[in-house]
Amino acid sequence: MSRSQNEEFQQWWNKQRDRNNHDVLYTGDDEAFLTVEIRTPATVDPDKDRIRTRTARQLSRLYLLKFKQLASSFVWIGNSFLYLIRTANRRIANDNPPSVSSSARLYRLIKGFLVVVVLLLCFELAAYFKGWHFTPPSVASAEVAVEVVYAWWLEIRASYLAPPLQSLTNVCIVLFLIQSVDRLVLVLGCFWIKLRRIKPVASMAYPTKLVGEGVRLEDYPMVIVQIPMCNEKEVYQQSIGAVCMLDWPRERMLVQVLDDSSELDVQQLIKAEVQKWQQRGVRIVYRHRLIRTGYKAGNLKAAMNCEYVKDYEFVAIFDADFQPPADFLKKTVPHFKGNDELALVQTRWAFVNKDENLLTRLQNINLSFHFEVEQQVNGVFINFFGFNGTAGVWRIKALEDCGGWLERTTVEDMDIAVRAHLCGWKFIYLNDVKCLCELPESYEAYKKQQYRWHSGPMQLFRLCFFDILRSKVSVAKKANMIFLFFLLRKLILPFYSFTLFCVILPLTMFFPEANLPSWVVCYIPGIMSILNIIPAPRSFPFIVPYLLFENTMSVTKFGAMISGLFKFGSSYEWVVTKKLGRSSEADLVAYAESGSLAESTTIQRSSSDSGLTELSKLGAAKKTGTTKRNRLYRTEIALAFILLAASVRSLLSAQGIHFYFLLFQGITFVVVGLDLIGEQVS
């Protein structure tokens, strides 16, 4: 370094020293070497030192606080996990289905399936991280025993397991497409009915004015109104009150309260309600069977065996939670006039609690499609559909002609409808006449209801198959009843729904040689869900939960179908759907607010004397009732793990649509299995 450069550097360094309050001493005159001594300033600012000390102390306290929060989080997670395990064990211990039931058999099969899926997932994960998927070793060159086993597995999977799985997949896809075409035809038929404004038209109409103002009593046929019930103390008042207020001459109507309750206090409550209406001049009787066999069918059969039934021409049936409108009989009975071949007039259900929770919203989608599309299209074009068991009027002669109520299945309504159709009788469906009723708000009640609704048709199909073949109806009607009414809509639908989306789809993730196209997994189900949701347009925001929940319910429907088809003992069990009395409470409030209702010499409209007092009693009874707990559904939980494991396997294969479907479907099974859908209890 030259002397001039050294002097310039020395001046620059001195400026830096003055700026930083440092003492710098240059020693030596040698141009090649420069000795620099840096000294600590003689005076140190005490404030800066305190700030540094305080900052260090604050940081230590902050880290200590963070550590405590992290430790608390781990403790909370641990306690929550232990609580979840204890709760699960308690719920499983309290949920012991009979070992002979189809549900127990199905659960054991699914549990074995889960073990196989978990083992396959572990095997595939090991192969993925070892790279065997990319360079699968041959048996001859493999040096590790696991690699040899994996090589054997690849050969067996491709040669022996994937082909039959692909064949089963193709069969289910064909069934899926056939059922989708059937659904599309029904929707197009409904559009045609709306476009052409087709609806049943009665040959006469009853005037709105009351009897006694120029209207003869003889114009009103004799009608029996039956209300079968069993231990339904939450809703008995609503049905009895609504039926007793029907706009029909008292002399031409008889109300039968068919009480099959096993609880003595419920019997006393229903008797008291019947006596209140008797005191108001309503012709109403209370019947209780000592030998309660045959469930609802046995109850109705016993009521129809009464001696005075021969004096009546029609019978209207309402379940305990139904509230028919006052003009129900005036809108339904006229359709029988001049139509001697007509056996049944069915009306639509309307739901007072359809917006109560997610479960009721999803049920409303299904039932809206059933009534708006299925029942209406079949009623207009075929004059046959399944009787819904309530909110309908039967010609008593038609009931007697087809053999009356039989106790051989748990779907007595469908049974008598099939037999009446085989005898040549016709049905009419009225979509514009609605009866208020209540949807089950808990998953437990809904699951039991669906189990009965899907096991009963298979029982009936076994029993009446040869009767259909021997009947005198046309070949077209026989084909419609066998292939469409029973096989396609009652057997094939739950079969392919469960098999395709809960069994085949997870397996194809572990058997990649068998392919399930994306349009089967996503696009076609999405289109079908849109078609199903059209009759309930307000439910469009719930289209994705609806699709996932329907697949979740397929396990219950499949088990019920198998149970009814192969005569398992559980298929003959009848469980009354639990009601909460929502519509009953609304009626009582409305009665209390409206005060006394108008009375006349022929139609007497009145509410129960109980009014708000009974409402408060009902609320108190609910509060003091036994505490319920959410259940844990083992089958749904096991299927959730199967689907989630398959989603992990699909993620390794980078299958986007399959992964997302399996993930969200598995989460849905978890939510349902933990009983987190519907009414929430303790």
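Numbers here mean position along the shown chain, with the first residue as 1.
Note: Cβ is positioned from N, Cα and C throughout, glycine not excepted.
Any TrEMBL annotation is an automated prediction that lacks curation.
Residues or ranges marked as transmembrane segment by TrEMBL: 106-129, 168-193, 491-510, 632-651, 657-677. Under the heading domain 'Glycosyltransferase 2-like', TrEMBL lists 315-509.
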Positions on the same chain near the transmembrane segment (106-129), where near means CB under 8 A and six or more residues out: 97, 146, 150, 153, 503, 506, 510, 555, 558-559, 562, 634-635, 638-639, 641-642, 645-646, 648-649, 652
Interface-richest range of 168-193, 632-651, 657-677 toward the transmembrane segment (491-510), CB pairs under 8 Å: 168-193
Per-region confidence, the domain 'Glycosyltransferase 2-like' (315-509) (mean pLDDT, whole number): 94
